[in-house]
Amino acid sequence: MVRSAIKLFLLLLSLGYMMLWFMMPTKLYFEHWLPKIRAKTKSIYFGQQGSTMLICTFPILFIATLGCIYLHLGKKHGDHNVEGRVPTSKLKQPVMVKGPLGIVSWMELSFLTMFVVLLAWSTTSYLNGMFTHIDQMASRSGLLVWEAKLEMSGLTLGLVGNICLAFLFFPVTRGSSVLRLFGLSSEASIKYHIWVGHIAMTIFTAHGLCYFVFWAKTEQLSQVLKWGKIEVSNMAGEIGFVCGLGMWATSLPQIRRKMFELFYYTHHLYILFIVFFVFHVGFSYACIVLPGFYLFLIDRCLRFLQSQQRVSLVAARILPCQTVELNFCKSPEVNHSPTSIIFVNVPAISKLQWHPFTITSNSNMDTDKLSIVVKSEGRWSSDLYQKLSSPLPMDGFQVSIEGPYGPPASTHLLRHDTLVLLSGGSGITPFISIIRELLFKASSGSSTRIPHVLLICAFKKSIDLAMLELILPVSGTTVDISCLQLQIEAYVTREKGADENNHKTLQTVCFKPNAIDAPVSAILGPNSWLCLGLIISSSFLMFLLLIAILSRYHNSNMVYASSATAGFNMLFMCIAIAMTANATFLWNKKQNRKRLRQIRNMDTPPVWFNNGDRELESLPYQSLLQATNVHYGERPDLKKILFERKESSVGVIASGPREMRQEVAAICSSGLADNLQFKSISFTW
């Protein structure tokens, strides 16, 4: 009942907040609502920015805090493990496959359409209000009517662009309670960040061009260098715009895919972009876009704290196909869903580079272990493979991680009669965790019906077939894969037959734990959602307190320029977030101290690696061979495979190259296979 009440309240609050965005451009809001709100909230402690924070900032932070309580209650009652054979909405099926937006479902297209309608409505409403008395305005300013309209059009575009900026940071907040409330994960929401970013920069470019043309025509080019003490600071806006152009240019697909590091490092200009945006418009108006960035800063601070810890790398399994499986110790309270990811940093290779990898272990089957698979496909992964496969002895291997992050549930794996998993190359890694999840449920004697699993995997060479062995849990696990209805159809596309030289087996390299290594643990402990809610609420209260002190001092002793006030407020925001996040982190670290001492006292690797390499005659290995059918010199006929399914409910999950996922999406959206449900999973950055 408590969760239902919270959910209803959150729904009403969210609808009210969305209605506010539609009302902001109207005359009713500016001439009636806003003056009344400012009159009632006027205070010497917060000034004009107090009303803006109350209207635009407080509701989202309150939703995020209350959402943390809602998610904690759900986790406490085990709602994240609840799965059922419920019908899948048609809204989640793809409607667009190829094009600049990528694979888009009906639901995503609906929300995108509503967002575009909001932008169009705001544009027309602002222009209608500004053009009502444009003749009198132009006459008083000594301008031609078209010049006044050009200036007002530039102002309108700036106001509309700020709407995009308000939603820009929500999709990239990895540990966001707001995303989780909507059933989204950050890695699945990256494309929304891309869409909003392109729209925002297009509008801001038009905003800047309007003003440059206006200044040139009215002989006011000196306005380019204006840094107003109270009014809008043009120069600050131009600096922020240049930073935005740099991020925008390097984020184009043609550049991002070929020069990812250039894109990655250039994207850190977002710090300067936001700072100079606040200087440009003033902190009071910047409160409109503050909520998303505020939650992003909290998440970024927590990620930084987690990344400073070395994690305990216990062992690595080396495959002959230039692939390595890394196995870490983890705390039992760390639970992750299938297809979750972690970000990995290896200082011995690069202190700056972080790479995302799918978690292949299962939190139910492997309570004290977390595994990822890394295939040598680039310079970083190749260097990692060479270091681990080197014959030189290694006492330890320093690794840091961020995460895990992933979907809010196990993607409802049990709601279909058959689960078709389509992968290409290293795209098989998300399916390892899915198969292990189903294997755990099948071997645990659960009364729930386990779907038949068909794994279609395509590899370039026969040596890559060794990746299929990673489906089996490591040595020491007694679960037999034969209890799962698993059928594997493996396709080797560039070879006509098996290579007789590919008889190398898995090799295991064990590492002695270092005294400063720690197990993979949740950054905020078992009660992560409650701690996150505490950080959001307490940091915001501290932020308000610091602002109140500054405003009181401002009114009694000194007069600050608007840019100086904005700078102080941004500094206070960072201080409040850093202090509360660090305090919570240190408290959680103190609570885990006993567990950390137990891990440090380990002299040998866990039992799951004591048996060394896998025995090829073992029952699990033989069961895997019997379930596998290898096809050489051909590619899978995806349309034939999908349309041959006779079951009443078929779930299709695709992971791998973009072209393959687009082909699957086109098949599932063609209307010829109404019983197929498509879900795209791609963890390739």
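Cβ atoms are placed via backbone N, Cα and C, with glycine included.
Pulled from TrEMBL:
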TRANSMEM  6-30  transmembrane segment
TRANSMEM  51-73  transmembrane segment
TRANSMEM  109-131  transmembrane segment
TRANSMEM  152-172  transmembrane segment
TRANSMEM  192-214  transmembrane segment
TRANSMEM  235-255  transmembrane segment
TRANSMEM  267-297  transmembrane segment
DOMAIN    306-411  domain 'FAD-binding FR-type'
TRANSMEM  529-550  transmembrane segment
TRANSMEM  570-587  transmembrane segment
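Through the fold, the transmembrane segment (192-214) approaches residues 101, 112, 115, 119, 147, 150-151, 153-154, 157-158, 160-161, 164-165, 167-172, 220, 223-224, 234, 237-238, 241, 244-245, 247-248, 251 of its own chain, all at least 6 residues removed from its boundaries and within a Cβ separation under 8 Å.
Sequence-distant contacts of the transmembrane segment (235-255) (same chain, six or more residues past either end, CB-CB distance under 8 Å): 194, 197-198, 200-201, 204-205, 208, 224-227, 262-263, 266-267, 269-270, 272-277, 279-281, 563. Between the transmembrane segment (529-550) and the stretches 6-30, 51-73, 267-297, 570-587, Cβ pairs under 8 Å are most numerous for 570-587.
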